[in-house]
Amino acid sequence: MSNKEGSGGFRKRKHDNFPHNQRREGKDVNSSSPVMLAFKSFQQELDARHDKYERLVKLSRDITVESKRTIFLLHRITSAPDMEDILTESEIKLDGVRQKIFQVAQELSGEDMHQFHRAITTGLQEYVEAVSFQHFIKTRSLISMDEINKQLIFTTEDNGKENKTPSSDAQDKQFGTWRLRVTPVDYLLGVADLTGELMRMCINSVGNGDIDTPFEVSQFLRQVYDGFSFIGNTGPYEVSKKLYTLKQSLAKVENACYALKVRGSEIPKHMLADVFSVKTEMIDQEEGIS
């Protein structure tokens with residue numbers, strides 16, 4: 001039986017047909033050839049992009065952490081005696097976050113943002129959540145994407161006063177402007193995450209005897225949910241996933257408002273938060289079963 005017919009056969013390689021002394025031996029590579037020089041430049045460019053990507057990931061992580069700290073600080077506003085002190089401190093923290101975003105804008109200067117968007121999207125979403133949470137506490141309204149982007153325009157004056165990252169002398173001498181635009185998807189995802197923080201603020205405010213905030217939050221969340229419903233499944237995949245979480249937050253807030261309206265006079269104020277937490281757990285269990 002031939003090698004081709006047998007199950008364990010093998011095919012000879014083409015160079016096996018040549019005598020050993022006639023095989024082509026590998027030549028020494030000329031490192032100074034135009035082809036090698038071109039590939040070396042490609043290697044340097046790819047390494048530079050990978051390094052930039054890693055720096056952006058680190059900055060995005062810092063933005064996420066500081067934004068979360070700002071959100072935790074703002075949650076203290078339901079129990080703090082002076083709301084203005086909390087808002088002032090939160091503004092200082094957000095200024096620090098914006099300086100991190102300034103460094104991102106400098107890294108992306110002259111680059112296509114979409115090539116590095118995946119590295120910074122998490123931080124931008126968390127920043128949108130923090131700044132929109134602060135804006136809601138101040139005005140009981142939703143901050144627009146244009147307002148957020150106006151806060152992310154930086155000049156060399158910002159670089160000299162607040163930003164500590166090194167820059168070239170030519171760049172310092174020339175009056176320049178850096179900006180970073182929050183994309184519509186980042187904005188929508190940040191607003192969707194905001195609804196969860198508003199739900200927590202609603203429950204905490206009830207525990208402190210504030211019965212007006214839940215109704216204000218409920219009305220606001222209904223408007224946000226209606227807006228997201230217009231997008232539905234036609235928008236980005238991440239937005240459609242957030243829609244379910246938004247609906248959960250709205251249901252919990254509406255349940256709290258219902259209990260306040262119907263049973264508010266029966267339950268002491270210091271026990272309302274416990275009642276709502278129990279009802280919230282029941283809603284979570286029902287949704288988990290379904």
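Heads up, residue numbers simply count up from 1 along the chain you see.
Cβ coordinates come from backbone N, Cα and C, glycine included.
Taken from Swiss-Prot, the feature Mg(2+) binding site covers E129, E197. Listed in sequence order, the residues of the same chain lying 6 or more apart from E197 (Mg(2+) binding site) and placing their CB within less than 8 Å of its CB are I71, L74, H75, E129, F133.
Positions annotated as compositional bias 'Basic and acidic residues' by Swiss-Prot: 16-28.
Swiss-Prot lists K279 with the feature SUMO2 cross-link, giving a large-scale study or a structure entry as the kind of evidence.
As annotated by Swiss-Prot, region 'Disordered' applies to 1-32.
Within the model, the region 'Interaction with C1D' (73-208) carries an average pLDDT of 86. What Swiss-Prot lists as region 'Interaction with C1D' is 73-208.
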